[in-house]
Amino acid sequence: MAISHNTLAFTFGMLGNVISFLVFLAPISTFYRIYKKKSTEGFQSLPYLVALFSSMLWLYYALLKKDAFLLITINSFGCVVETIYIILYIIYAPRDARNLTFKLLSAMNVGSFALILIVTNYAVHGPLRVQVLGWVCVSLSVSVFAAPLSIVAQVVRTKSVEFMPFNLSFTLTLSATMWFGYGFFLKDICIXLPNVLGXVLGLLQMLLYAIYRNGGEKAMKKEKKAPIEPPKSIVIETQLEKIEQEKKNKDDDNEEKDKSEEPIGCGV
């Protein structure tokens, strides 16, 4: 007996929900460290703002489409989780990073989303409204999937996969495959199309990982084998050490002085 398209769409959608659920929870360790250290440690808020914006758009699209319940479940969860991440970031970020986050949040997640709401509710009507919103979602998803191309270029240039973990590439490829299947059997090109690009780029990343996974180790071995030049003069080295020690002692004194002048409990 042949399996219906609705059954296959539900199966792929459920698997997509499970995998995307894990992807949304992946930054928990990062934000736990931020919470423990009370510092964002140079992390950027843009990826989480974009993820929230994407979840908001896909949730709105699913509500208008009315037959994409599994898109509603995962993107509702995504909106909640990404909002929590952003709140934690704002609490512990330095002033400049916090101000930039507020500006991006206002421009993208509030301003742009409000503009899309106005256009899709007053400028276009009926089936055209869903189509316009769908292609907006496609454009955003394509730009998000294309973002790791800079990492791909870095891997090819450095022949090292240090900044492209295999597990993440594999998970995102699997997620794109599941959502492509969901869109394909649901006969929704707006869901399926961007995930074709996502899967292709994911496979490319895994291929590069297989090619360059030993690149970093070879570079380290090469550095270890490089001959170490002996010091030209023990006398000169000793004199330099004395100068460095005197400089260090002077810097330590200045540092202690600076610490004593630092205001206690000053808000960032």
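Cβ atoms are placed via backbone N, Cα and C, with glycine included.
The following features are taken from Swiss-Prot:
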type	residues	note
COILED	234-262	coiled coil
COMPBIAS	243-262	compositional bias 'Basic and acidic residues'
DOMAIN	10-96	domain 'MtN3/slv 1'
DOMAIN	131-214	domain 'MtN3/slv 2'
REGION	243-268	region 'Disordered'
TOPO_DOM	1-7	topological domain 'Extracellular'
TOPO_DOM	29-42	topological domain 'Cytoplasmic'
TOPO_DOM	64-70	topological domain 'Extracellular'
TOPO_DOM	92-103	topological domain 'Cytoplasmic'
TOPO_DOM	125-131	topological domain 'Extracellular'
TOPO_DOM	153-165	topological domain 'Cytoplasmic'
TOPO_DOM	187-190	topological domain 'Extracellular'
TOPO_DOM	212-268	topological domain 'Cytoplasmic'
TRANSMEM	8-28	transmembrane segment
TRANSMEM	43-63	transmembrane segment
TRANSMEM	71-91	transmembrane segment
TRANSMEM	104-124	transmembrane segment
TRANSMEM	132-152	transmembrane segment
TRANSMEM	166-186	transmembrane segment
TRANSMEM	191-211	transmembrane segment
So what's the average pLDDT for the topological domain 'Cytoplasmic' (153-165)?
86
For the transmembrane segment (43-63), out of 8-28, 71-91, 132-152, 166-186, 191-211, most C-beta pairs under 8 A are with 71-91
With a Cβ cut-off under 8 Å, give me the same-chain residues at least six positions beyond the ends of the topological domain 'Extracellular' (125-131) that come close to it.
61, 64-65, 190
Long-range Cβ contacts under 8 Å made by the topological domain 'Cytoplasmic' (92-103), restricted to residues 6 or more beyond its ends, are 34-35, 38-40, 44-45, 49, 86, 268
